[in-house]
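**Q** Here it is: the structure, laid out below.
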Amino acid sequence: MSHSIPITSSPPPALKKLKLPNGSEEPSEFERELLDITQAVHDSTDQTWDRPPLPSSFEDISFQQLDAEEYHDRGNTYARFFGITQEGHSVLCNVTGFIHYFYCPVPKGFEENLTEFTNYLKATFDGIERVEITSKESIWGYSNNIKTPFFKIFAKNNISKIRSAFQNGQVHNIDPCITYDNINYLLRLMIDCKITGMSWITLPRDKYKIVNNKISTCQIECSIDYRDLISHPPEGEWLKMAPLRILSFDIECAGRKGVFPEAEHDPVIQIANVVQKSGESKPFVRNVFTVNTCSSIIGSQIFEHQREEDMLMHWKEFITKVDPDVIIGYNTANFDIPYVLNRAKALGLNDFPFFGRLKRVKQEIKDAVFSSRAYGTRENKVVNIDGRMQLDLLQFIQREYKLRSYTLNSVSAHFLGEQKEDVQHSIITDLQNGTKETRRRLAVYCLKDAFLPLRLLDKLMCLVNYTEMARVTGVPFSYLLSRGQQIKVISQLFRKCLQEDIVIPNLKSEGSNEEYEGATVIEPERGYYDVPIATLDFSSLYPSIMMAHNLCYTTLLNKNSIKAFGLTEDDYTKTPNGDYFVHSNLRKGILPTILDELLTARKKAKADLKKETDPFKKDVLNGRQLALKISANSVYGFTGATVGKLPCLAISSSVTAFGREMIEKTKNEVQEYYSKKNGHPYDAKVIYGDTDSVMVKFGYQDLETCMKLGEEAANYVSTKFKNPIKLEFEKVYFPYLLINKKRYAGLYWTRPEKFDKMDTKGIETVRRDNCRLVQNVITKVLEFILEERDVPKAQRFVKQTIADLLQNRIDLSQLVITKAYSKHDYSAKQAHVELAERMRKRDPGSAPTLGDRVAYVIIKTGGDKNYEKSEDPLYVLENSLPIDVKYYLDQQLTKPLERIFIPILGETKTKELLTGSHTRTIKVAAPKTGGLLRFAKKSEVCVSCRTPLKKDNLGALCPNCIKDGKGPDLYGNALSQMNYLENKFSRLWTECQRCQGSLHQEVLCSNKDCPIFYMRTKAQKDVHQQALELVKWDNTNW
């Protein structure tokens, strides 16, 4: 295909000369980075697309499987595993011979011959292969370890239909009944073959067949019977990672003015690609595909195309050739991938949507709504790219982190500590329509947007952590982004049940309204504590309760079963909320066993982590221990999920009941033991208790003593509980500000020499729904109170800030609030939505579109509703509109400040702090437009005495002031003011150039999340105003 496409690859630039092609400029920071990469990467592999060639003959094939799917062919179901060998060869393994099955209890008195029954089923239902009778135990309820007979029904297809027939009583001589082990084909196969997500599989040499008539683009394509697979548990040498190829890409579109790009109309003009191998730090492919010419970029290839169609087809060829295992990017799932597919469709490129690993499978876009209690509801687009894993960093970060803003800019600033230039989509078209130099600028911008997701992937360890989560829970990697928490527990449950001959009932998920009491919170004794507060934490509280008391489906009793099995009180535990569970000597529960294995494996991973020296292996082990911890904690949540596969409120409510009891017991034990009557100099006091921790005031002033006592108290109280429940001493807060339940701040100490950090919970330093001023003020106030121990200084700072706010001295960037403009209908009018509508009426070209974040400030208007008072910050700057400072004081600052100062100063003094004499002076900017000003006729006045000037006087002064000799001083002041403003603007402009990575190019950035953007805009306006004033001085005759 490639020879027919008119493309040119620009020559690699001379790396020694650090100049652009026009010789005008030094390279930007980002280009220096590209240069470093080029010099660091081995020459022979740099910019090489192809995978390493295959050896002439194979022995055993071992590969790490990445993606798995089931497929149907001529009435049979099979599985496909895609993977990569240690040498970097791509593999497609077709697994044959496995037949899906489910269980159904054999009815009492079943006297039919099994062969007759099987023949009847085969004649009635399409797809039945065979039926066996086997002895199993149901997971639900203690059964005295007695197994009962079950039909094991094997079906090549139509398994859901057959299962429903048994459940609905459509099978001859069998009443409606519960069926067991309802799980999809792929997971059933993986569980039975002991394959976990991202694990290694070996295909023995004489067991697999090489497929010559290949359906995939993989280097090795083979078939094997499932019984011949060798699956390696992820431990020891099999914890390794294959050299996965990770492609990060970004596209740029040339949109029309005022319209967000639409694939039917707006072309894709550039695609930047960066490919890196997992475990390596430098990408070995860096290129940009462009429409039209483009000047060269250091250390990167440019592929120029005359037509967009040629560029897209060449990019598709690039994907097939470089053969990425993982495709990443930022918002690629909902924008970039669907956009290129829709654009190719609009251009009639029928051969384009085939860049997966299956040659004849077309890439198609589906809409999916993902909803879970943990992650909320999100609408996403899903594209099948068979054999290639997709990891959209935006979706990953939205799932794992709570941030103020999720733009790539904000996220990069938060995690990587660097900003990037943010070019508005309307400017992109101007750059594309300019010269090859402006297109080069766009290409550098696009390439950086492809680099950043790779940097985030490395920093946040997404691939490593998700790999370990797939290995620990057993599910395919793709499930981790597309499914909720439950599937992970189900997978572990089925694996353990298979070992123990236990089957799991297929219960209808009905979502009961039954509620159970949550965790205890000991009422906080609010206040400011200038003494050390020790924190005692239960290690893995809920998992350890389930293990200590053997809480499980398989150990659950009721009064009838206690009587039927002749159990005594020594045989079972009665939980605080009145449920019964048998002791582990009679039956060790499945859930406690799973938890025991997870926590033991975590201890081992943490021990290995301490010994490991290789940085990549350390990351893998850290990801593993994290995955094990998360998995252990999610088992409890699974039992309490009323809309779930296997809800059991007896387990979940017993866990929280034990938890409540233990927090109370800890409080009483500590206060009883560390008391004056027990020979201690102070009475210890538990000032707050949360789900799994208690805060203790021992009374001592010095940190070291409190740390020793904390350690001692944790060990002492642990002896009062059943194994493996353990109380641990982790930290001391000193000083500590306890505001309310789940709201506190303090300095966090783990060693007496120096505090580790300032720790806050539920306080506005971490809240996302307020302006930057609140965050900055609260952070500063806490620094003064906690780090400097200087409350009067904090009070002075607050008074000064409030005075500055009321007198219009706070920079506008501090007052900007941003919210996402989404398509959902809001029940009440929203400030940012109403503003977006007003902006559209003013200028459709610059108005926010769906998906954008709308930045606004609250201004003084005739209306009293906030949605009437929201305004675009740029419009406010241009027209000098007055800010509603009372809104910012009353609605944004007052409550957070009250929460901090009332525990310290009391209500009266806090009120004085927020409403004292420093709040009497209010200055408001005079608007330039609107209201009566529309009818006012503006006349020029003398800059000295404010006397109106005659029409023919275009100068700055009236004749009287000229006669009095005021000119020179006033002119000098005007010049020095101009000098100050130009200097300020120049500093801000340089800061923006430094951020964009070049000190010579014009600043195009319009990042509304960045405070400098508004400062720069205001400074530019101030310089312009002052220049107009100086023109008047030029026209003054003096």
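Glycine is no exception: its Cβ is also placed from the backbone N, Cα and C atoms.
Per Swiss-Prot, the feature region 'Disordered' maps to 1-29. Look at Swiss-Prot and you will find CYS942, CYS945, CYS958, CYS961 tagged as Zn(2+) binding site. If you look up Swiss-Prot, you'll see 942-961 marked as zinc finger. Annotation source Swiss-Prot lists [4Fe-4S] cluster binding site at CYS992, CYS995, CYS1005, CYS1010. The motif 'CysB motif' annotation in Swiss-Prot covers 992-1010.
Walk me through the surroundings of each of these features.
**A** For the recorded site, CYS945 (Zn(2+) binding site), the DSSP three-state label reads coil. Cβ contacts within 10 Å of CYS945 (Zn(2+) binding site), excluding its own Cβ and spanning all protein chains shown: 12.
When Cβ-Cβ distances below 8 Å are used as the criterion, the zinc finger (942-961) is approached by residues 967, 970-971, 974, 1029, 1032-1033, 1035-1038 of the same chain, each at least six residues removed from its ends.
DSSP assigns CYS995 ([4Fe-4S] cluster binding site) to a helix in the three-state reduction. In sequence order, GLN419, LYS420, GLU421, CYS1005, ILE1012 make up the list of same-chain residues 6 or more apart from CYS995 ([4Fe-4S] cluster binding site) whose Cβ falls under 8 Å from its Cβ.
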**Q** Using DSSP and collapsing to three states, where does CYS1005 ([4Fe-4S] cluster binding site) fall: helix, strand or coil?
**A** strand
**Q** Averaged over the zinc finger (942-961), what pLDDT does the predicted model reach?
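**A** Per the prediction, mean pLDDT sits at 85 for the zinc finger (942-961).
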**Q** Name them in sequence order: residues not among CYS942, CYS945, CYS958, CYS961 whose Cβ is within 8 Å of the mean position of the Cβ atoms defining the Zn(2+) site.
**A** VAL941, VAL943, SER944, ARG946, THR947, LEU949, LEU957, PRO959, ASN960, ILE962, LYS966
**Q** Run through the Cβ atoms and count how many others sit within 10 Å of the one on CYS1010 ([4Fe-4S] cluster binding site).
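**A** 21, counting other Cβ atoms within 10 Å of CYS1010 ([4Fe-4S] cluster binding site).
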**Q** Near the Cβ of CYS958 (Zn(2+) binding site), how many other Cβ atoms are there if near means within 10 Å?
**A** 21
**Q** Reported as an integer number of Å, what is the Cα distance between CYS961 (Zn(2+) binding site) and CYS992 ([4Fe-4S] cluster binding site)?
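**A** Counting only the Cα atoms, the answer is 42 Å.
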**Q** Cα-Cα separation of CYS958 (Zn(2+) binding site) and CYS992 ([4Fe-4S] cluster binding site), in Å?
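**A** Counting only the Cα atoms, the answer is 42 Å.
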